[in-house]
Every structure is written in C-alpha cells, then in structure tokens.
C-alpha cells in the first residue's frame, strides 16, 4: 500500500490520539495524568561548597558554552536581553539601574522555574538575585554576566545553610551550569539563545553499539529500520524488538552527552541529558519496577539495568560525567526500549513519563505495521515527535518536561 493511500489512516490515528490524550491531560486539572502511578519524590542531594554541575568548565559545550562578547546598552545584541519583573524574585539592584533584572530569555525561564522550586522547598522564602547582567565591568574577563547569561543567587533569608540545596534546585530548574562558588552566593549560567547545543533532545552517539538478533554488535549509525535489536519487554525481561524509525538522526552534529558509568558489572553509556534511563535506588527492585529518569538526574549510588548472564541485572552507578561527541541517533523500537552498550534505556526523551510516550507513539507503530518497507532513514528530527512535543507543551504540566526540551521542537 502506498504512503499516499495510507495518509488518511494516519490522520485518523492522530485524531484518535488527541481524543485519548486530551481527557487524560485535562480530566484532573493541574494534577497528574489519570492512570499514571504516583512516585515518591526524588531525594535532592545538595551541592558541596565549590562543587559545580555539570563537572566541566563553565564555558565548554557540555555546560553553558563559549563567551560571545559583552553586551552594552548601545549594542545591537542588547535586544536579546529581557527584564524580569517576577514578584516572587527579589533583585538586589545595588546599582539602582535595573541591570540585575536584565537577562536572556533562557536565563529568565530557568530563574522563574527556580523561584517556584524555592517557595515550594522553603515556604515563606523567596529567591534573591544579587548579580545579573553587568554593564560596569565588575566581573572577570569574559564573564557570562556581561551577556545576561549568568546570575548570582541566594535565598531571601540569606541562610547560608540553604545554599547547597539551592544550588541543587538550580540544577533541577535547568540551568546549564551551576557553581556553589562562594559562601555568600551560588552562581548559575545558561547557554546562549542560538547555541547549537541549547536543546539536546534524546540521542546516543553514532558509535554506541546495540546487539542484533543474530548476536552481532553494530554501531547505531549502521542500524536500519527492520533490524531487530536487544530491548526490554514490559515484564522487565530481555527481548528482541523491531527498529521502526529514527526519531532523530544527525550524523554530522556535535552533541553534549551525559556519561553514566557503572560497576559490578562495569558499563559505560553516553546519552543526551534529556533522554530517559531506567533507575532504582536499590538493587533489590525487580526490573519491571525500575522508573524512567532523565539522564541528567541520574546520580552515583543509584542502580541502572544492564545486560548480564542471564537476563537483565542491576548495576550500581559509579560515576556521572559529560562528553562531547559527533553524531546523534535515536531509534524507536516496537517495545519503546533498547539496550545500548549493554545498558537498558528508553527510546524516549524530553517528557518524563515513559509509558505515556509509548502510548502516544502507537499511531506511528500502526502506520509502520501497515506500510512495512525498506525505508532509508532521513536526517534530523522526525516530524511526529516534534508534533507530540508541541501538543504536550499545551496539555501537560511544565514539570512533565526536561528543561532542555527537544532539538528542533521550536519550544
């Protein structure tokens, strides 16, 4: 059957998807999606004094990126800065010029998100900004304060015992680099608005290997739709699953990856920060009860699932770091999971609920089953996940998404 004749069926599937997703999203108002399991809140680990996250220099691709030049009020780039009048944030503004309120939109979005987290964590306490955009040259050369991409923050009560946890909340709010720099403040910064790494989506490096049903191990760059790769079934057991399409395929793009290293057995997996990985807080959890977690939220001491002998087994996370590599590949399998570098991962990214994502992709799986063929994967982000991402932004809570969003989504 030709793709042209199948198009009406696909449109019907999308309409049916909307009918399914809208009641689930709106039926309980601002609360969680109907049918989703309530998970206990994840324990937040405060940053130690002088610790920074991610554990790379601030002006590298894996963090906030390079310095792009000072912005003055008279410069063309001044229009990139926007004032922040959020009443839930206190701005010190010691210059009395309003400069501390000026920042890039990305910085503003992260700061507003952090302000909510601060009020939830400490009722009656607000976020306080001591330094924002700097036009007077008070910071070191090539400081991101000169571009409106950095802020120094405290809590309104100036309780220094809170600053380690404040730094962790800033990481969770999506700042691209957070540094517990001083006993007097926490430093946070973001990527530039037009940075190529500003949105990461969910991918693996080109050289990451998967296992085929034949037993051969191949790089993701060599995988094609129709291949059967090792994955995890709904019951937590290993299975081989058909590769349907590539949700993202960008062979020539540099990406910043989160590197998860385990011990007993040793494994090393690189994936983008917004990608979902299955984790548990102890090794006694059955595989089917491991929860989907953003890669950027995985911490040493947690457990991930790895391919062992026999079946799948937990492995303790020993270290987490960042790495920049060329190429980005995100295959979608029939089961919505795959085993990459012998570590079990979800096929999905950007949205926190793996099961909701798997449900949302059933029209694509149906279309694939009706139009089986030897398709050559194109480059870039597939249109369907972009559509779902935009739809989800309208229907789901902000907390349902990773702060870095999805590459090419235009959000």
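Positions of Cβ are set from backbone N, Cα and C atoms, glycine also.
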According to Swiss-Prot, which candidate in 95, 142, 172 joins 131, 134, 136 at the Ca(2+) 2 site: 95
When distances run from the Cα of residue 100 (Ca(2+) 1 binding site) to each of the binding-site residues 134, 145, 152, the nearest one: 134
Three-state secondary structure, residue 248 (site 'Involved in cholesterol transfer') (per DSSP): strand
Protein Cβ atoms within 10 Å of residue 130 (Ca(2+) 1 binding site), excluding its own: 18
Which recorded positions sit within 10 Å of residue 187 (Zn(2+) binding site) - Cα, from 94, 131, 134, 136, 248: 131
Site with most surrounding Cβ atoms, counting all protein chains shown within 10 Å, from the recorded positions 131, 134, 248: 248
